[in-house]
Ligand SMILES: Cc1cc2nc3c(=O)[nH]c(=O)nc-3n(C[C@H](O)[C@H](O)[C@H](O)COP(=O)(O)OP(=O)(O)OC[C@H]3O[C@@H](n4cnc5c(N)ncnc54)[C@H](O)[C@@H]3O)c2cc1C
C-alpha cells in the first residue's frame, strides 16, 4: 500500500507548534509514504483585484496582505527545505482543481488497474467560517469524484492556532456547550485549564518527499508575483514602500522567521511585556502593543508559543497584570473562534447573531455612498475617525481602540450597514482574520444581543490622545489647531479659525454627521442635499429683508402659506448662511447633513449642538423677535412641545423665522 500524504497549508504557515505536521506520522509496516506539502493561492475566491466582497464590492484581499502572504509562504518553503529537505509546492487557482491535479499525478485514475494501491490522506488546519467550509466541500467533492473507493481517501481537518482546542476545554457538548458570554468562558477556562505546551518544530522526517515538482497549476520552485495573482500595476506599486508613520515593526515581513524575531524582541529585548497593560491603548509607535496579529492571523505565529513565552517571562522576570493580559487577549481570540463556529453564517448577517429585532425596534441601516466614502477615506470631519481610517488605509494596521471607534462610528453613529465596514477591514487589514474581524464587528455594532456600546468619539479622542499627537500625525491639515479645539475643530469661532489658519469647511470638513445615540439617524434626501449645495452660491450675499426672504424660500413651494417644521428648519439654515456671510462651498452640504431629523426634539437638540449656530441662533431670534410681530401661536406650540430651555430658544427662532416669512408651520 502506498500512502500519499498531502499537507495543505492554509492559515498555519509555520513549523513550530503545528499540529497538522505530517512528518510526525507513524508508518505502518511495509507502507510506503510520500509527503506532499502544498500552499494554494486561491485566485478564484481570495486573491486578485477582481475578487470582490459580496455586500460592498471591496477587493477581498488587498495587495499588501497578498504580499505579506507571499513572504510568509516563501519563508515556509525555505524552512521546510532547510530543516526537513522537503519541497513546498506552491499553486495558484481553485483548491479543488489544484488538489485534484496533484492527486491525479500520483494516483491511478478510477477504473484503471493500479499496480499498487494508493491511499490519499489530505490534512489541513480546520477552518470555521462559511466560505472556507464551502471550499472544503468543493475539495471533498472533487477528490471523492476521482477516487472511486471512498475508503482510500481521507480528508482530515485538525484544530490548530488556538490556545485551547475543543478537547482541552471543560465544557460538555462540544462547541455548543461553550458559554454564551466571554466572561463565563474565561472564568471556567482560567479555573480549570492550563494552556497546553506548544509542539516543537520538526527537525526530520521519515516520509519520502514528493518526486513531483511541477504541474500545470503548481511548482516546487517558483513563487507567484502580485501581478501573477491578478493585482494591477498601481496596486503592486502601492506595496513597494511602507508608510513612515506605520506602527508595525520596522522592516517587517511575512513569515515565521520574522514572527519569532518580533516575539523575542518585544517580550525579551525591549521588555515591553512588563508594561503592556498600561501601554496597550496607545495609538502611535511599534511597541505599545505586541503587533503579533498579522503573523497570528496567517498562522506564522502560534498563540501557544506566545503563551509559553509569557510564562517563561513570568518565571524569569516578573508576573503582573501585563503578563496576564497578553494571554487574556489571546483567550479573547480563541473565544471569538468558538463563537463563530457556534453561530455559523449568522455572524455575516445584517442583523447579526441577535436576530432581526433588537429590543423590539428594527435597526435602520443605510448604504449612503457619501457617508461610506468619507469614512473610508478619512474625511468625516471627526479628526479621530479620519486619523484612524487614514492609518488603516495607508498601513494595513489600526490599533484595537481605533478599530472600536471607527466601527462604532460607522455602524451606530452613521447607521451604515456594518458589513460595509467589515469588508473594508477585510480588504485592508494585514492581520485580517475572518473570526476576529466579523465577530468584533457584530459585537461593536451591538448585534450579538448584549448592550449597545456606543463610543463617544470626541471623548475617546480627548481620553486617548490628550495632546492631539495622533490626530496631527495623520491629519496634517489640522496640525495648527490649538489643543483646545483639536478634538472638535468645528467648535472654533471665526476668530479662532483665522488665528490658527485652519478654516473649517474649507481646509478641513465640517462633521458629516452629528453622532447620535439613538440609532435613528435619518438623512436628508440626496436631492435635497444637491439642491442645497447649488443654492449655496445662489443665496450668498442678498441684502434687505425681501431679498433675503426670496433667497431663503427659493425653489421650495409653500402651499397655503404653511410649511412643515422640517422645511422651516431648512429655511433657518439658509438664513443662517446668509446672515453669517460666511458660506463656503461645503457648508451647506454638511449642515444639511447635520440637521437631518424630522422630529422636533431631535432637531432642537442637534441644532443647539452646533456651537457656531448657537450664537447666531439666539442673537438672530431675539433681534427678529424685536423687529417683527412674532408668530406667537407657532412659538408657543414649538415651545410647548419641547421641555427644556434649548427647545425654548429653538422654538423662538423657528417662530421668528415663520413670522419673518409670513408663513405658519406645523409640528
Ligand atoms: C472592528 C474590529 C475588527 C477587528 N478585526 C481583526 C482582525 O481582522 N484580525 C485580528 O487579528 N484582530 C482583529 N481585531 C482585534 C484587535 O483589534 C487586533 O487583534 C489587535 O488590534 C492587533 O494588534 P496587536 O497584535 O498589537 O494586539 P495586542 O493588543 O498585542 O493583542 C495580542 C493579540 O491578542 C489578540 N486580540 C487582541 N484583541 C483582540 C480582539 N478584540 N479580538 C480578537 N483577538 C484579539 C490578537 O491576536 C492580538 O494579536 C478587530 C477588532 C475590532 C474592534
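Using N, Cα and C of the backbone, Cβ positions are placed for all residues, glycine too.
Here the structure is a predicted model, which means the values were calculated and not measured.
Residues annotated as domain 'Photolyase/cryptochrome alpha/beta' in TrEMBL: 3-163. Annotation comment: TrEMBL describes 276, 289, 290, 291, 292, 293, 431, 432, 433 as FAD binding site. Residues annotated as site 'Electron transfer via tryptophanyl radical' in TrEMBL: 365, 418, 441.
Feature annotations (TrEMBL) mapped to structure.
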residue : record                                            : DSSP class
276     : FAD binding site                                  : helix
290     : FAD binding site                                  : coil
365     : site 'Electron transfer via tryptophanyl radical' : coil
418     : site 'Electron transfer via tryptophanyl radical' : helix
431     : FAD binding site                                  : coil
441     : site 'Electron transfer via tryptophanyl radical' : helix
Please work out the number of neighbouring Cβ atoms within 10 Å of the Cβ of residue 441 (site 'Electron transfer via tryptophanyl radical'), leaving out its own Cβ. 24
Residue 441 (site 'Electron transfer via tryptophanyl radical') sits from residue 290 (FAD binding site) (Cα to Cα, rounded, in Å) at a distance of 21
Counting only other Cβ atoms and using a 10 Å cut-off, which of the binding-site residues 431, 433 scores lowest? 431
Of these recorded positions, 276, 292, 365, 418, which scores lowest on Cβ atoms within 10 Å? 365
For the FAD binding residues given in the record (276, 289, 290, 291, 292, 293, 431, 432, 433), what is the largest pairwise C-alpha separation in angstrom? 23
Measure from each Cβ of the recorded positions 276, 365, 418 to the atoms of ligand 1 and list the residues where some distance is under 6 Å. none
Rounded to a whole number, how many Å is the Cα of residue 433 (FAD binding site) away from the Cα of residue 441 (site 'Electron transfer via tryptophanyl radical')? 12
Nearest to residue 292 (FAD binding site) by C-alpha distance, among the recorded sites 365, 418, 441, is 441
Spatial hits near residue 441 (site 'Electron transfer via tryptophanyl radical') (Cα distance within 10 Å) out of the recorded positions 276, 365, 418, 431 come to 418
Around the C-beta of residue 290 (FAD binding site), how many further C-beta atoms are within 10 angstroms, looking at every protein chain? 23
For residue 276 (FAD binding site) and residue 365 (site 'Electron transfer via tryptophanyl radical'), determine the Cα separation and express it in whole Å. 37
Integer Å value for the Cα distance linking residue 365 (site 'Electron transfer via tryptophanyl radical') with residue 431 (FAD binding site) is 27
The domain 'Photolyase/cryptochrome alpha/beta' (3-163) [mean pLDDT, rounded to integer]: 89
